[in-house]
Amino acid sequence: MDRGRARGSNGAEAGPKFTLDDVELDDPGAVFNLDLEYGDDDEDALLDWEQYEGLRKVRLCGREFSVPAWARPRPPDWWWAYTKRQRRLLLTGGCCCASFLVILLALVAAAAAGHSVLPGLIGKAEAEACAWTGLRLPAGVAPTRYALELDLQMEAPYWVNGSVTIYANVTRATNAATLRDRPAAEQLILEFRKALRPAAGVALTLDFGYQLAEGLSGLYRSSYAAPGNGTASVAVTQFEATSARAAFPCFDEPALKATFALSVRVADGYRETPPMSSYLLALVVGNFTGSTRSVPAGDAGAPARNVTVWGVPGREAELEFAVDVAARVLPALEAAFGNWGLITFRETALLAGKRTGTAGRRTVAQIVAHEMVHMWFGDLVTMAWWSELWLNEGFATYFEYLGAQAAVPAYHYYTTFYTDNVLDALADDALASSHPLSSPDATVQVSDAIEAQFDTISYQKGGALLRMLRAWVNRASKGGLTALERAPAVAPADDALLGALRGYLLRHARNASTAAELWTARWTYGRGFPLVRATVNERGALWLQQSLFGRGGVAACDPSEAFWVPVAMSRAANPDVHLWTDFSGCQSAHAVAQLAPDDRADWVKVNAGQVGLFRVQYDANLRARLLAAAPTPTLPALDLAGLLDDAWALAGAGQQNITHFLDLLAALARRPTAALEPWAAALPRLYEVRAMAPCDALWRRYLAGTLFASVLERGGANAKLFSFASAPAESDPVTLKLLRPQILEAAGYFGSAAVTTEALALVQASNGSLAVDPDAETALLKTAVHTGDRAVYDRVKDMYLAASEAHEKLHLLRAVSVSGPAAEETLDWALGPDVRAHDLGTVVGTVAAQSRDDGPDVAWRWLERRWGQAYAKLGSNTEASRKLGSIMENVASLFTNQTAIPAVQALFKAHQTKIRTSVYMDRAVEVIKSNADWVADHGEPLCAWVAQNAKLKP
């Protein structure tokens, strides 16, 4: 959107200023009109404010100030016959010197007399507004209502004309109102000749117009293949976090809530919204088809509500699963939190067709539930500023599981919460470049820093913290957290956390809040998490100590910075019963358990059920007891997942040898039946070892010939894990359906001859469709393409181009991206029209991580060459900056040698005017250093262990 004079500053300097006079400001209903409607940079075509407003300004100390009326003699009429450019040239040549001398002499005279010239020209409030450069808007004017009118032209040249009237209250005397405007402007400053008085009401009307361009943020255009081989367009909004300003001038801060009256020319009107933040406004225009369910009202006597899911024509059947989920999620969330719209989704997050497997349908239900949770945490109650984004996203991350579990109980959502969320939360929060859940406002003062808050910390760590709190406050209830999470519905009276949160929502309804009342300051306002060390003395007494864990090492405990740590423990005699304790100092005040000193079968698992947000390190005695239990079903699968992840992280932090992780991995393969949770924790580490270990070939042979072979030898259900043809039965547990494609993909990637041969045969025999169940489709395709066979690559790409279902296209795109020989070709192809903009990161990340041994180098060199094209494809805006920053971080984090750091820093710095935060670069550099340290510390011990246990020569 090009607004000429509406353009302003992103913080480097003050925004554009417009002076509005000739109005009676004592009238609380005063209305100011400002026309911003134009679409080019030709200033001569714009309204001549200097002529019609008599506006004259001077610059003092690098700042502009309005000259009072007595100092503004009116030029003769012939002066206005010249264009603005011509007048400026004349002024530059003839008047600048004279003006400079006059101003300089006036300043010198005033200084000599001990007086300031500024009070005679401008008041303090106006001076502050003129020089405003902060990202957060100044206090003084607060919106109460927006009346927004939009006229969308949905055919070429695709144009938006609009008008917005902003009704606002004046909270303190001010000469100016500062609004948000289109990036890179960000600020629009309206100056008034007379100060606006407190308690006055004003209305600002602004007209605007701009191109309805393709993109991923603001009000943008998207296209799809319409029935009949044509192409149709829809208009869609994505305003979070700071893109409402790209669609219309507004205040655009989460705490500045107002009602919205929206009028769109293509429709006959909408009801006015409740008070809400501008980023929550949503608008979709296009030809859509819908599926509707009626949902009974939560309150007796109230009418039923309709829940409708909309999609483009031709996708009607794929809407049914999502609307069923939404209709079940709504009552479950209302029962927990009380009552509150339009929610927009990508097709892969909403549509579920015949080729959508268990994981895909499970994800659709989770995303639908996540966005519906935002009707309470985000819409009804909003964080005061983006520095506490976790109050929106952390809550939605955890309670999406409550909603999804109510919608599809057979999917056992809480079973995967730990591997879905906590693994990544602990890994990212161990970085020195991490941030607190509630960051200081001063650290979130540019748009890019706001976008960077949408990360693992705000989402996954926030959700994990809530789960730990829920487990603790319900520790005395029957069945504890496990019973609550397995229940189809839970009333607030039966759940202490839900009861407290319902009160929180009622207190802050239609307002903003902070985290101050929700949790201890150390967890919300401090970075990181503790490492809990468990030691047993010669008498069998178990003690706990804590210190601050970091990927680069462990810091000694500072008593003033210690965490309050709630700890669940389980014992060998009854592993499903959790015993609770807590401590808040550097060491527990007393022994927390008593073990039999000489009974190696008497083990204790600290952080039972993996509900705590911390890592655990055991002394040699306790570690040996747990390792002996690891191959048996006596040790719960989720607890083994925690042992594996902690062992990996402790090795990376230099706290123990990598062989402890490898011993647990071998024990995992010997369990009678493969379980989802520990394999989901272990498999990502197998890929990381392959990228870092100096014995890559040996590692592959060990995995294919020893580890996976050991799993297969157990027979039973394990046999289904290694065959594309052996699809699970409908009655098989969902965990088997989720684990099978992960094992198949890993076995194929690491060189299992049987899996690779079967995959190639199935793809080569296909005629546009695959004779395999949807759950295994991605694993099958990636295994076949990864062989490097060009004919298979071309066939899979053709299948992608012909596919229509969203999930099927995503499977095929990921498969195309693992071809080593075609890696650079695939990257260039992704810049074209065949790949949607929001899928570009999938292609680049997959090429880097899974296409070939030098995938990170290939992808990084491509980013260096094609950065500008990638930025343009993603929309050339703040959302594009966020996505590219994340893509660059993900690729760079795969490097294992510190020699890559200068090139990484150079590319980030070359585009620092677009990516205006160092967060992505800082994290990437820290991970590269950590990877290099891992190779130096653990490369040789790992290779020696593998050689010994695989019975192979290095």
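One is the number of the first residue shown, and numbering goes on along the chain from there.
Positions of Cβ are set from backbone N, Cα and C atoms, glycine also.
Among Glu347, Glu393, only Glu393 appears in TrEMBL as part of the Zn(2+) site alongside His370, His374. In space, Glu393 is the closest of the binding-site residues His370, His374, Glu393 to Tyr459 (site 'Transition state stabilizer'), judged by Cα positions.
Every protein chain shown contributes to the tally, and the Cβ of Glu393 (Zn(2+) binding site) ends up with 24 other Cβ atoms within 10 Å. Every protein chain shown contributes to the tally, and the Cβ of His370 (Zn(2+) binding site) ends up with 24 other Cβ atoms within 10 Å.
The Zn(2+) site is set by His370, His374, Glu393; from the centre of their CB atoms, other residues of the chain with a CB within 8 Å are Glu371, Val373, Phe377, Gly378, Asn392, Phe395, Ala396, Thr397, Glu400.
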